[in-house]
């Protein structure tokens, strides 16, 4: 009995009036990691942009593991000193459905003598974990997934697992049809398809879609060659005939994919393919057929069942009948739940003696992770900058997802009603933090606990903390906070513990804070020389708050400036009066007479002196005048 039958030829049978119409080119971005300039690579001379949008890391020369790896000369690796989570944050990506592919590389340095093992996530969902030996397997030197990017960005992160530094050769973001690989119930924008394998069967070789001259809307898939499923298990077939119904919407398979095949033999009539998979996962299996065997010319000549992990998914498959003729593409799709570690596909002949297959695709179905509230992510990023958070923390990507790699020091909780993660705790004590605590911390509205003790944080305690009403524990002890305690802390009605000891705070503890704490919470204000006003601290009495001290200092300074200004004005006025009196005295009659007498006396003295001087000159020598 057929458990499920999703026939992709139903989509193909309309044959593509849609695909025959001109479509705009799909969005495509290729990044050559570590490169300082754009490059093109043969044989298609694809354009790779220089390295952009990375959060850190080190550029280096690259060693390409296999021949299918793009022939690029550089990579970017992320040493553990830069933190466990490093990302590429790519912006201005049009809303749509994408194939995202990341090629890995090996650092071309003697000190890097082993392949790194690490995890990869896209938009907060982990899609791949590298396994030992990946660098020698063609289909393991990259990770690929089909994902909807709806927020205008693509965040691709690499998570250290303690086995070497993640090293990335290239990143590709290639747009595909919005309905590509729709597998029916359960498919949608919240689903990611991770490529487990793609095989082209028969005499063909490993190729990309572009090698097949496939449609760009196919996403330039890589097809790994499968020459045989086992010794004496099959024989190859090939043709140069045109294949109908191949490169059509929404998947746009290349025609060349259907021009080779494997056919079972008399020794082993069943065609069997097995793939190692992760247990307790769902997989989407796509089987490709085209009747290219010259010995099969009519309906009923070749009929077989498709059995996956012991269950019959498709009964009485007759390719010619179902595709509409010879040399026509047929695609069958099934969703399979696998409890063990092996997925096995068996084609069991019922008529004609042999089964045939052209290509196989297997995807792991992954439910996209819920993301953290955007405002809270933004607030944490501003805190990271304001506090000078060391790079070893690796605060990149989403703080809560993937759940296997949350940010160190940030505690997360999922709100099932809104399907969003939020931050309910900060544990960053004794981490060498400096700088100041920004007002944006109040945007973490779900915080229940803040522990920033034993750092070197300066400045005032943000008054905005009073709006985080869920806060139960606030420990800012042994820092360098100064100024007064904000009165808004009295609005924290859920507060159980308040530790502000070991800082440089001053002024009176606000009544709203002290009164509530005396009755409901544990508190510690010691080792703040300027604090006063509650039991255990000096009485405020003559003590002045820092605000009052500033006010007094300002008043004294202003009074001094006024006194100086008045003194200068008085002095200038006095000078002007004296000058006016002198001028008036010279203009009086008695003053003129005295001036004439004085002038006559001076002239007489002057003449007498001149006479004496002339005589002395004659006596002393010849005159200089003739």
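Heads up, residue numbers simply count up from 1 along the chain you see.
Glycine too: its Cβ is placed from the backbone N, Cα and C atoms.
Within the set 550-570, 571-591, 592-612, the record from Swiss-Prot flags 550-570 under the feature transmembrane segment.
Secondary structure at residue 417 (N-linked glycosylation site), taken from DSSP and collapsed to helix, strand or coil, is coil. Long-range C-beta contacts of residue 282 (N-linked glycosylation site), restricted to its own chain and to partners at least six residues apart, with a cutoff below 8 Å, comprise 335, 336, 337, 338, 364, 365. In this view, residue 482 (N-linked glycosylation site) is surrounded by 16 other Cβ atoms within 10 Å of its Cβ, with every protein chain counted. For residue 417 (N-linked glycosylation site), the nearest of the glycosylation sites 61, 333, 451, 482, 524 in terms of C-alpha separation is 451.
The residues of the repeat 'LRR 2' (445-468), classed with DSSP into helix (H, G, I), strand (E, B) and coil, number 5 helix, 5 strand, 14 coil. Of the candidate glycosylation sites, 451, 482, 524, the one lying closest to residue 61 (N-linked glycosylation site) when CA atoms are compared is 451.
By the criterion of other Cβ atoms within 10 Å of the residue's own Cβ, the least surrounded of the glycosylation sites 61, 333, 451, 524 is 61. The 10 Å shell around the Cβ of residue 417 (N-linked glycosylation site) contains 6 further Cβ atoms across the protein chains shown. On the 0 to 100 pLDDT scale, the model's mean across the repeat 'LRR 4' (493-516) is 90.
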